[in-house]
Amino acid sequence: MHSSPTSTRKQASFAASASAQPRKSISFINPSKSSAGKGYAASNPNKLAVSRTMGFLTDMKPAEKLNVPSAKTVQVLDSKGVDVTPRPLYHPDPHAASAKPNKLLTSQEGSLGSDYISSYSLYQNTLNPSMLGQYTRSVLGSSSVSKSSISTTESMSEDLEDSSYKRDRLASFTDVRVLRSTAEAAISKEELEKTIEIILTETETLRFFDLPTVMFSTESEEAEKIIEKNKKYETLCRNRLGNDLYVERMMQTFNGAPKNKEVQCEKIILEEKGVVATTWDLYDSYNIPETLLAAKRSGYSSKGSLPAKDRDPKIQDSESSSLMDIENVILAKVQEDEEDNSEAILKSDKLHQDLFYMERVLMENVFQPKLAAYRQLPVYKEHEPEEPEETLQVENLKVAEDEPKKEDEEEVEMELELEIATEQSTIPANLERLWSFSCDLTKGLNVSSLSWNKANPDLLAVGYGNFGFREQKKGMACCWSIKNPMWPERIYQSSYGVTSVDFSNSSPNLLAVGYHNGTVAIYNVQSSHNIPVLDSSESPQKHLGPVWQVQWIEQDRGTTGDDKREILVSISADGRISKWIIRKGLDCHDLMRLKRTTATGGKKGGEKEKKGEALISRQAPGMCFAFHPKDTNIYLAGTEEGLIHKCSCSYNEQYLETYRGHKGPVYKVTWNPFCPDVFLSCSADWGVMIWHQDTVKPFLSFYPTTYVVYDVSWSPKSAYIFAAANENRVEIWDLQISTLDPLIVNVANPGIKFTTVLFAKETDCLLVGDSDGQVAVYELRNMPTASDTSRGDVINILLGPKTNHTG
């Protein structure tokens, strides 16, 4: 291959400075396209480490340069014409879009014109651009071309610039930039649905303020060291006093910088008060003691053995001063003794006992007529005071004159008394109020339960507590005595309402109390302390609902019936009937768990079949119970469903019988004391029913009012008299006289509700509790009496023969 003219000119122009090494020439088959006018010269990125002498086509005209086709091939020939063109190390993608040539290796100072491109020096970096892919564009942009360094040994013309190499170079740099700035691949749906585990770890604790404690527990590990250290310090302080080993000296310490802080508080109200004491006030205050002392001194001086004239005035003055001192000491001593004695007297038990008896005597004097009527005794009349003899003589003369008149008056009085007696015999039965057990502590509380003491008929236990859950207040149980109706003998206050009370039979000093929170407590009334002897507050088997009734029951231990033991039975709203045995605390066992029952019986004609209601709880809340008076193994239980179940202590899984009749909660069930097969019940459905234990339906039903009946009670003296407490009145029924209307009706005051009734044991009196905290005592007057022989047969006559009851 022949050498181009360019090579000839290149050899001729650089002949003087050429070296002995062989020359290389570059031939362009396709000249460069349009590189003129650009102010930079491009270097071949495929050549490394050395600079070669290149010639520029400076003789070509701009017009000829414009005619050079764009495609070109670069060949490097040595002096012998051998092609030594180096192969490119980087092969760009032909399909990749060529970006605009960026001036990566150009000077940052500006661009050169075409007139100054003919000769300048290019300092090429000895680094392959393909190796710069790891660096950023700032590194690539740091290469620059100096306009001022023009070399004659190595020059290049813009016309000889290889455009293909330039394009390759720009593409390579573009690829490098694209690889660095490529965005992350899009996340697919499968990757989004994958579960990613994120582990949260605790960061380091940042302490903004740490105040070390100066107190340590005696049970801590450091307690022994601290105690030993404190002892050493104490011994050091003791040995320091008077010891020559210790010297006091001054030392400067750093005090903490004070900090002012503002705190918001309530307004401080200031008040000014002044007291003025005049000289006359002071004189009057001290004048009275001085006059008393002067009077006493005069008394002492009058008892002297020597007259005042014979004595020395100095001796008199000394004696008077000594006497004053002695008197002051004696008076002070007397006052101290009086104060000490007064405190001891007020706190003595003997004084309290004397005051207790004195109070009872005064109450009996005040309530003597009422107490006599309660005990059915004659009323004591006070004696008239005796008159002097003169007045008696005058009166005797008058009496002698008025005797005929008095006889006539006595006859008239006798006739009036007979008329009154006949009128009283025709007066119907009624209630006369005697007194009421009430005080300031019971004012406004609801009377929930009444119970007589079995050993002392004059002692009454009263429970105070509301029935409703939202009406709960503080409760109280009191023991009242008939000898003092104004104040209770014992007071047991609690945070919960009292729902039931009952005295023990074998131990009359024990009082059982049931509370609204499910606690059962036992108090000893012989003790003045208000702390219960036993309670179930911490028992794991305590009731979960209000304890509506508690009662002491004597049960047979053996088959003979002589050996009996007493247990405490309670019924609660949680559906449990439990017995409590006093051994080591309160030992609880369930007699029965009341379960809800579904209604039985076919539907009547024209009645639609009712759908079964979903049961919220399987347990039926219990409201009351009553043990059989003859067989204590059998008892009745009234529920909130309106059913009465007959149960046995030997079977705790099923009922012996179920009595249906009430439509509301059964509040009270009680056996007839003279006819043990008949019992009485009252309910919130306004009704009172009489049942026979062999028949599941009631024999008699009483609906006199449209009010709730809270309590019923049989009379202890008659088999057919009972009392019922409605909301607004108390009714006394006599089944022998009428089964339609009550015998006596006593209406309550406005705003007051009757809650409990209880007959007195030994008298014809009735106790009625109300919602205002009063227990009124009424005397039953003109009540009909039944013959003793027919007591147990009247109920059977009213209900029919027993053979007809079965079935």
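The backbone N, Cα and C atoms fix where each Cβ goes, and this holds for glycine too.
Matching 300-320, 594-614 against Swiss-Prot, the residues noted as region 'Disordered' span 300-320. Looking at 1-44, 221-264, 529-572, the range tied to region 'Disordered' in Swiss-Prot is 1-44. Within the same chain, residues 545, 548-549, 551, 553-556, 569, 571-577, 590-597, 663-671, 673, 676, 679, 681, 683, 685, 691, 693, 696 sit at least 6 positions outside the repeat 'WD 3' (617-657) and bring their C-beta atoms closer than 8 Å to a C-beta of that stretch. Within its own chain, the repeat 'WD 5' (704-743) has Cβ neighbours under 8 Å at 429, 431, 667-668, 670-675, 680-684, 686-688, 690, 753-759, 761, 764, 766, 768-769, 780, 783-786, 791-792, 794-795, 798, counting only residues six or more beyond its boundaries.
Per-residue pLDDT, averaged along the repeat 'WD 1' (493-533), amounts to 91 for this model. Long-range Cβ contacts of the repeat 'WD 1' (493-533) within its own chain (Cβ-Cβ under 8 Å, at least 6 residues beyond either end) map to 446, 448-456, 459, 461-467, 472-477, 479, 542-552, 554, 566, 568, 570, 572, 574, 580, 582, 586.
Assigned with DSSP, the residues of the repeat 'WD 1' (493-533) fall into helix, strand and coil as follows: 0 helix, 19 strand, 22 coil.
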